[in-house]
Amino acid sequence: MAFASRTGLSQTVYKRVPHSEDEDIPLVLESSDTEDDTLYEISDKVKDKTNDRGHQPVYTVEEAVEAIGFGWFQIRLYVVCGVISATDALEMMLLAVMSPVVRCEWSLTDAEVALVTTVVFVGMGLSAPLLGYIGDKYGRKFTLMLVTLCIGYFGLLTSLSPTYYWVLILRGLVGVGMGGSPQGTSLLSEYIPRKYRAKTLIFGQVFWATGIMFEIFLAAVIIPTIGWRWLLVFSAVPSLLSAMGLLFVPESARFLLAAGKRDEAISLLEKAARVNKSRLPDGQLVRSAEVERGKFSNLFSPEYKRTTLQLWVLWFTMAFFYYGMVLASAEILRKYSPDGNKGQKCHCNFLTGKDYTTMLLSTMGEFICLPVNMVLIDWLGRRKNAAFNLFMAAILVLIIQLDMPRSVFTIVLFCIRGFSAAFGNLLYIYSSEIYPTTIRTLGMGTASAWARVGAMTTPFIAQVLLSRSLSLACWIYAVVCFLCSLCAYFMPIETKERALPQSVSMEMIALKTMDEEDGKSEEEMD
């Protein structure tokens, strides 16, 4: 059970702790510098020694997931988590297609229009760390239920808003729910075998892109006929339906084991094995003493400090650029029409049928990036692939400021959406793989909070600054993407073919074991 990380190795000394004869776990490891007497799982090296002495064999939750394999159990979970992702995309795209209408209805300024988007991300930024903590403390499934109900309920209430300020308040509350969206990725990743994890999570982008396209289609049909308020209603209903779907998915077995609920974890793993027509490994599941979960300081342990800080930068950039391009595409089409009507100053300048078609076609780029990502993610790895996507996005965003016919503009926008979506997809995968179970959703939640800072900022570039200077806005996006491509390239840990660690201390044990083995190899060579 080797976790491939070599950053900031701890000098912790581990000692053997005996058990009584009637216990089913022959040996565990205790850390001598922890704040309490927490017991940690045994490493493969220790397990082998223990089994040689005649004790009953044991297995870890990672080995159980690998033995269960990929089948209908994961497919059902994949669909439910995918629908949650699609509903999240509906609410995001709603901000772009609704802006021109509310601008006209209440005679809003550029800054006031941008604020409608910003308040959503303010809500997300405030709630993301809290919901990440709740996910690690009380479970992924429980948190996802809160998230979907919050999005659906306040989304419906927004359709009844009597004034602009009520829209701000209720959209902010929708954002509070959306701050927990990464929980679905965490839950899904914790049940997928290592061999299939990256490819499965990549295909989760299908649901997100489908949600974006569905929202554009709804806007094209509903806004000109029955109005933007009904668009809010139709956009909120899928969130409530996805909450019902959560009744049919399990809690994370990794979370249950970390919480000390070993019997529940075994029951879920046995059920998953039956559904997939496979079986668990022989022996006993390694007992995991209840360890402290959702501890913020663990994000800055020697093993994860640099990773955490660089992840925050990358999540900021992902949201700043991706949502910036979504908003900018609508703004460019509204104000700088590629059909020769550039510079139109009409306050009520609505999106046309051609504009909706351009937005639909450009969104197809998010589908095309999937097979490319599938090939590159295991060839180049997560870090180099992310750096490549950001670098290409930086080049293309500079091209978009040039004069061009609608067809060329659509192709450039298509490529930008593809590279930005590919980067976001990779970042979700990397973040769900890098942290151990005890802080996984907290890590993603805090990183997601920084994404919301980027998303709060981007409306003032994509909608306010862009309306005054398209070139300046494009250069800002390009420079940010280029700098962060370097940040992605120099991430300290590559997670390709790396097992999901169960706790921070288990990662430290694995690192110490790897160093000892490397030291012995060097001595033998000498």
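Residue numbering: from 1, along the chain as shown.
Positions of Cβ are set from backbone N, Cα and C atoms, glycine also.
Just so you know, TrEMBL annotations never went through curation; they're auto-generated.
The transmembrane segment feature in TrEMBL is assigned to 77-101 (among others).
Feature annotation from TrEMBL assigns domain 'Major facilitator superfamily (MFS) profile' to 77-496.
The feature transmembrane segment is assigned by TrEMBL to 113-135 (among others). Below 8 angstroms of C-beta separation, residues 91, 95, 98-99, 102-103, 142-143, 146-147, 167-169, 171-180, 182-183, 186, 294, 296, 319, 323, 327, 441-446, 448-453, 455-456, 459-460, 463-464 of the same chain, each at least six residues beyond the ends of the transmembrane segment (113-135), sit close to that stretch.
The feature transmembrane segment is assigned by TrEMBL to 142-158 (among others).
When Cβ-Cβ distances below 8 Å are used as the criterion, the transmembrane segment (164-180) is approached by residues 88, 91, 102, 106, 108, 112, 115-116, 119-128, 130-132, 134-135, 143-144, 146-151, 154-155, 157-158, 239, 445, 448-449, 452 of the same chain, each at least six residues removed from its ends. Per TrEMBL, transmembrane segment is recorded for 164-180 (among others).
Within the same chain, residues 78, 81-83, 85-90, 92-94, 97-98, 101, 185, 188-189, 192, 230-231, 234-235, 326, 351, 353, 356, 359-360, 363-364, 366-367, 369-370, 373-374, 377, 421, 425, 428-429, 432 sit at least 6 positions outside the transmembrane segment (201-223) and bring their C-beta atoms closer than 8 Å to a C-beta of that stretch. What TrEMBL lists as transmembrane segment is 201-223 (among others).
Same-chain residues lying 6 or more positions outside the transmembrane segment (229-249) and placing a CB less than 8 Å from one of its CB atoms are 76-77, 79-81, 83-84, 86-87, 90-91, 94, 97-98, 141, 144-145, 148-149, 151-153, 155-156, 158-160, 177, 187, 215, 218-219, 222-223. The transmembrane segment annotation in TrEMBL covers 229-249 (among others).
Residues or ranges marked as transmembrane segment in TrEMBL: 311-330 (among others). Residues of the same chain lying 6 or more positions beyond the ends of the transmembrane segment (311-330) and with a Cβ under 8 Å from any Cβ of it are 92-93, 95-97, 99-100, 117, 121, 212, 351, 355, 358-359, 362, 386, 390, 393, 397, 413, 416-417, 420-421, 423-424, 427, 430-431, 434, 443, 446-448, 450-455, 457-459, 461-463, 466, 473, 477, 480-481, 484, 487-488, 491.
The transmembrane segment annotation in TrEMBL covers 359-379 (among others). Beyond the transmembrane segment (359-379), the same-chain residues lying 6 or more positions past its ends with a Cβ under 8 Å from any Cβ of the stretch are 198-199, 202-203, 205-206, 208-209, 212-213, 216-217, 329-330, 333, 351, 385, 388, 410, 413-419, 421-422, 425-426, 429, 496.
Below 8 angstroms of C-beta separation, residues 314, 317, 321, 325, 332, 376, 380, 409, 412-413, 415-416, 419-420, 422-423, 426-427, 430, 470-471, 474-475, 477-479, 481-482, 484-486, 488-489, 491 of the same chain, each at least six residues beyond the ends of the transmembrane segment (386-402), sit close to that stretch. For 386-402 (among others), the entry in TrEMBL reads transmembrane segment.
Here the transmembrane segment (408-430) has Cβ contacts under 8 Å with residues 182, 185, 189, 197-198, 201-202, 204-205, 208-209, 311, 314-315, 318, 321-322, 325, 329, 332, 338, 358, 361-366, 368-370, 372-373, 377, 382-383, 385-386, 389-390, 392-393, 396-397, 399-400, 491, 495 of the same chain, all six or more residues outside its ends. Among the features that TrEMBL reports, transmembrane segment is placed at 408-430 (among others).
The feature transmembrane segment is assigned by TrEMBL to 470-491 (among others). Long-range neighbours of the transmembrane segment (470-491) within the same chain, counting only residues 6 or more positions beyond its ends whose Cβ lies under 8 Å from a Cβ of the stretch, are 307, 310-311, 313-314, 317, 320-321, 324-325, 328, 332, 336, 382-384, 386-391, 393-395, 397-398, 400-401, 430, 461-462.
Confidence across the domain 'Major facilitator superfamily (MFS) profile' (77-496), taken as the mean pLDDT and rounded to a whole number, stands at 85.
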